[in-house]
Every structure is written in C-alpha cells, then in structure tokens.
Amino acid sequence: MDMSYFICFIFLFNFHSFIVRGSKFSAKEIEKNKLQTYIVRVEQPGVGVLGQSDNLDVGSWHKSFLPLHTASSDTQPRMVYSYKTVISGFAARLTEEEVQAMRTKKGFISAHPQRILRKQTTHTPRFLGLQQELGIWKESNFGKGVIIGVLDGGVLLDHPSFGDEGMPPPPEKWKGKCEFTACNNKIIGGRSFNIDGNMSKGKGVEPPNDEDGHGTHTASTAAGRFVNYADVLGNAKGMAAGMAPLAHLAIYKVCFGEDCAESNILAALDAAIEEGVDVLSLSLGEEGVPFFQDSIAIGGFAAMKNGIFVSCSAGNSGPSNTTLSNEAPWLLTVGASTIDRKIVATAKLGNGEEFDGESIFQPNDFPSKLLQLVYAGMNGKQESALCGEGTLKGIDVKGKVVLCERGGGIARIAKGQEVKNAGGAAMILMNQETDGFSVSADVHVLPATHVSYAAGLKIKAYLNSTAAPTATILFRGTVLGDLSSPSVASFSSRGPSLASPGILKPDIIGPGVNILAAWPFPLDNNINSKSTFNIMSGTSMSCPHLSGIAALLKSSHPTWSPAAIKSAMMTSTDLFNIGGKLIVDETLQPADVFATGAGHVNPSRADKPGLIYDIQPDDYIPYLCGLGYKDEEVGIIAHRSVKCSEKPSIPEGELNYPSFSIKLGPSQTYTRTVTNVGEANSAYEVKVWAPKGVDVIVKPSTLYFTELNQKATYSVTFTRVDSTYKTGEYTQGFIKWVSAKYSVRSPIAVMFE
C-alpha cells in the first residue's frame, strides 16, 4: 500500500473518530489538543545533525522539530520566532501532545508554555546631582553616542522628549530597523514584537506606538531630551530631562496591554544584541524562577557576553522579603526610592488636626470649608472600606469626604472613581499597615489625598470620637527639600534572593516614586498638546534611571565591561538621606540591605569609583555549576555546551561581586579581586564595620597600586562570635577601601546557620 495513502487514511479515520466522540472528550483531553505558544530549547546545529557545517540555516534546524502534519483548519504558521543569539531554540504554537512527541527527537532539550511578564509600574537629575556645566553629565557628554534599548510598550515618537535637534546620526555600528513611519537621530530604531498576538487577530506588523504611556515614560526617563516648562496639571514645574539626554534610543515594543509575552521578550533581546545596543532597560518582571527558566536572565546573559549592560526592575511586591524579580548577578537589579519633591494635599479634620498627603490633581476651586466625613467601611464590610467598584451602594456619601483604605488589588485612582460615582465630594486614601509612610501622588478624578497608615489611624480615631466628624482637603502644591529623602518605597521588592541567596539583591536603589516623565496623552483634555507629562511610581521608574546612568558611564568609560559599570555604581552609593540620617524604609526605620542593596545611586561618584570588581562572562560558569545546575541547564544560560565536571565549581559568595551575602556557620573565607581605575600610584586601607555577632578579618589590610588597571586580591574571613543569634537571623555591615581620594564600599549581609 502506498505509504502516503496509508497515513492519510489513518488521519481521516482518527479525525472522524474525533468528531464522533468529541462530546465525550474530557477537559484534560481538550487541553492536550489546545494550541499555545511554547518556548522550545534545542541543541545548536552542528556537523552530523543535518549533515552540514555549523553555519547551516538555524531556522531550518528549528523547523525540523515542528510537526509535519497539522489540522487543515490551522491556517496560522506554527513557528512564532526562531532565535539566533539569546537562546538556542524557538517559540512555536504547539499542542501538549506535539510537545511530548518532540521530546523524542535528537537535539531536543526542553520546552515550556511561555510565561507572561508584567510591567513594574523632571526633578530627578537635580536630586541626583546632575548638572549641565560640570560633573558626569559634562564629562560623559550627556551620554552622546551610546544606544539604549528599551523593552517596554512602545513610545509616542513625536513627543518633544524625543526630538533630535542637535543630535548626531546613529553610530556606524548600528544595524537596527525602524517600523515607525520615520525614525530620527534620537529614536534611531523602533520595532514591534507580537507575531503570536497579531496572528491570532489576523494583523500584520504594527508600528511600536505606545498605547498606555508606560513605554513613553520609561524611555524618556532613561534618555529624554531637555524640555522646558514641563509640568503635570500645573504641578512639578520645571525642565524635564532623562538621565542621558544625548544618548540614542532603540525602542522594542514587547508589551501589549498589561501582558509582556516571554516569546516577544526573547525575540526583542535577540534583535537588540544583533542591532548593536549598548544598554538594555527592562522595566518588566515575573516571580523568581531558576535562571535557566528565566528569559530575562538567559537573554541578559547573552547581552552581557556581547558587552551590553542590562538594567532591570526589582519588582513591586514589597515590603515583604524574598519578593524579587530579575535576580541574576549579571543583571543590575534596581529597587525604588523617593525623591525630595512632594505634591502636597493636606487632610484637615474638624478638630484642627492636619495630615499631609499627596495628590497631583490640585483643584483651585475646592472649598476649604469643612464637609461631613464618613468611613467607607462603616457598614463593617472590608470590601466597602477598600472602595471597590459598586461597594458604596447603600452608603450615604453624597457631598461628603470619604475615607477609603488602600489595597485589595484595586487601583488608587479607581477607588476615587467609585467615590465620585457614589456622589462623594472628596476622598482621603489611607495606607494599609504594610505600606507605612509610603504614599504616592496620583492624577485623581476628584479632590483627594493619599496619607500614611499612621495618619489613617488617627483619622479613624477622630471619626469614632464625635457624632459629627468633618474634614476638608487643602491643596498646597509642589514642595521641595524633603530631608527624609531618599527613602525606600514600600512597594519596592526585597531580598534575600531565592534563586541565589549567596548574591546580595537588590543591587541598588534609585528614584522610583512620583517620577515626572513624558506621556503620550493629555491629562487635561487639551488634545492639541504634544508636550504632555505624567507622574508615575514603581520600580519601572527606577530601572530607567539606572539605565540612563549606565549610558553616561559607558560614554565616559567606553572600555568598561558591564560588570565594571555595575561595580562603579554599587561601590559609590549613598547610605544617608539629604538630612544626613540613614536611609529609612516605609516604617521610618533604617532600611536594611535587602531593601537598599548597596545603597542609593550617586552618578557623580560612580564616574570616579577608584576600584572596580570586574567579572568576565566565563567567570559565571563555575558559579552556575556551584548552584547545583545540571550541565544542560548551565548550557541553556551560557548558550554553549558546558561540563561542570571539567571546571571546578565555586560557592556563590566566591563570585567576584561588589557585595557579600553569607550563610555563616562557624567561619567562612571568600576572596575578591579589584582593579585600579583611579590613580596610578595609590594605596587603599581597609575599614570594617562588622555585622553584629561576626568578626571580620581582611588580608591584606592595605592594597598598593603602581599603575592603572593593576589588579590586587584580598581575602575576607567571617567568624561567628555570638551564639545568641538564632538560625535564619540576619545581620549586616560593610567593608570599605579608602585612599587619599576614593572610597570603595561593599555591603555585607550575614545569615546565621
């Protein structure tokens, strides 16, 4: 019998059986036959695989894993992306059964359904000490010649923050594409990655236009041009600028709505590396997973191997510990801090007490007279207290000031909308206990203020103290010079790292609360205005600050590796706020290293760090083997064949990282190697602030250098000297190398076994 006829007969028989028995199929069987996008990792093609050289068509190799026969009704291509650089593999639309069949093919490594990541959702240059006429801005020429790739939700191309007047053309190395109508010398590339989504909607390639503002905001924070007379509804007036105003931008749209599909992110990273970016900024994240399952970690490793600095948001799941995203040591993990600008809205009670909060919406015509005050949870229902949609029905709030509670997964602005819909005149939004004193300024839909948990408790006490409680809101506008800033935002995710506890994360904190940056839509119904700005908060905002600062350092020090740039940032940070006290968290208590990492970024000091801790790509292999990963798992990250047995593994703490995170029994010794980038003839003396309960000995105690780029190695021995600490308790300190000109600090976190 002709084989093709036989196969066809079998197929038709099975198809007929499927129709006849379809109603009897279980949900599990239906799920097995459902198409979904998988990330498939395979071995790299080589001699003997297809009988060709290593230069064979990678796309053909990837297609060889796809099923030969698919349903005739399936008109959409199965292949979504064929990756070249970030991983050896592809994204394809497959059924669970097809993936199971694929596992038997030679060269197959692994496959998983793609994950969906989420976005981690001006005055800051001055707050960070950036000045046009001196310092790192001038010395780096404002980031001139550096290309920052932003993976986000696209941009509004014709916003003034992205104008190219006076900008040089793209560097000769640039090989990027433009899917906008036309790019310019500021935005030199723009691409949209949504093949899977476009196929399902029957669409072709769409330009990377911003649909919700997040991408425009982050891109302009990293590298927006100087724009005079920026403000948001009349507040925060001044000149807006990104961290690297003369850097070029390459836009990679990977987020559509709230979803940032893993397949899109890998494709964009693949393109960015190929096209020649210098810095990558990803205000995206997911719950922590092992690095060999983490697309940003895998793609970031490929970028790092190609000399590209990768800056990522730490996540918005704080203040609980072990809530980080983007934990890999070759990524910069950025937490969020406040700045010294407040947009003040004061809740004034009938007893004369006043509590400062914040709101961007500051109406001039809101009466200062006292109005009746009510608590949204007066009916005893928690859902009413949270002011969710429809929860105020049956509660008389008309013409009154309504006290609502933060949380419940309900957006702050949405709570105000519910109050407004119910007829309320104004809203006081109080924090939950976990948010403490961290508040945000929002573009509320009615007169409102966001106050601390402590203030909320006092307002509740006042409500219970009188039969006729009253309140109003006084709008005081923009106030600068808050001495408690920077402080750690309550939402900023905290360490220790779950994926690699021996690496201290986050690495650093930077401005991420009430950040003014470009916005694609008018907030005041002025549809003719293109010079629109908005204020947002999140580690999505802190990440591009550090991306832009990395671009400045890359411009100022073009030969520095990504690890050197990270080291310069981390060892030069601030530990104190502008009032001269230790940086605090949402409780107003000193923040620990799992909230701050090395500390708050100081761009000017990062430009002249004195010493750096460098790491080469191959140095990560013994570290990854030391995590207990299998050869193939390390190979997924390294994008090459790895045999851990052939190269001794190292414990996490032995990686040449600019910080220490130690699980301490009786004693532990680690070594570090520093490179002199300060002055040729110099000496550095060590100063130790030992963690409580730990003795710290550094040998040698002085490092001598006679030339630039000279290396020196030292050892640090940590010994437990206090047995009263319980297993799992943490303590912290730091060591600092000090010369006549430079100070190089490394934080220490110790967990007792």
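Cβ atoms here come from the backbone N, Cα and C positions, even for glycine.
Here's what TrEMBL has on this protein:
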{"type": "ACT_SITE", "residues": "Asp152", "note": "active site, charge relay system"}
{"type": "ACT_SITE", "residues": "His214", "note": "active site, charge relay system"}
{"type": "ACT_SITE", "residues": "Ser540", "note": "active site, charge relay system"}
{"type": "DOMAIN", "residues": "37-118", "note": "domain 'Inhibitor I9'"}
{"type": "DOMAIN", "residues": "143-574", "note": "domain 'Peptidase S8/S53'"}
{"type": "DOMAIN", "residues": "372-459", "note": "domain 'PA'"}
{"type": "SIGNAL", "residues": "1-22", "note": "signal peptide"}
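What TrEMBL annotates, mapped onto the structure for a quick look.
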residue: Asp152; record: active site, charge relay system; DSSP (3 states): strand
residue: His214; record: active site, charge relay system; DSSP (3 states): helix
residue: Ser540; record: active site, charge relay system; DSSP (3 states): helix
Cβ atoms near His214 (active site, charge relay system) (within 10 Å, other residues, all chains): 26
Nearest-integer angstrom distance between the alpha carbons (Cα) of Ser540 (active site, charge relay system) and Asp152 (active site, charge relay system): 10
Cα distance (Å, whole number) from His214 (active site, charge relay system) to Asp152 (active site, charge relay system): 7
Around the Cβ of Ser540 (active site, charge relay system), the count of other Cβ atoms that are within 10 Å: 30
Asp152 (active site, charge relay system), number of other Cβ atoms within 10 Å: 28
Helix, strand and coil residues within the domain 'PA' (372-459) as assigned by DSSP: 24 helix, 18 strand, 46 coil
Average pLDDT across the domain 'Inhibitor I9' (37-118), rounded to a whole number: 82
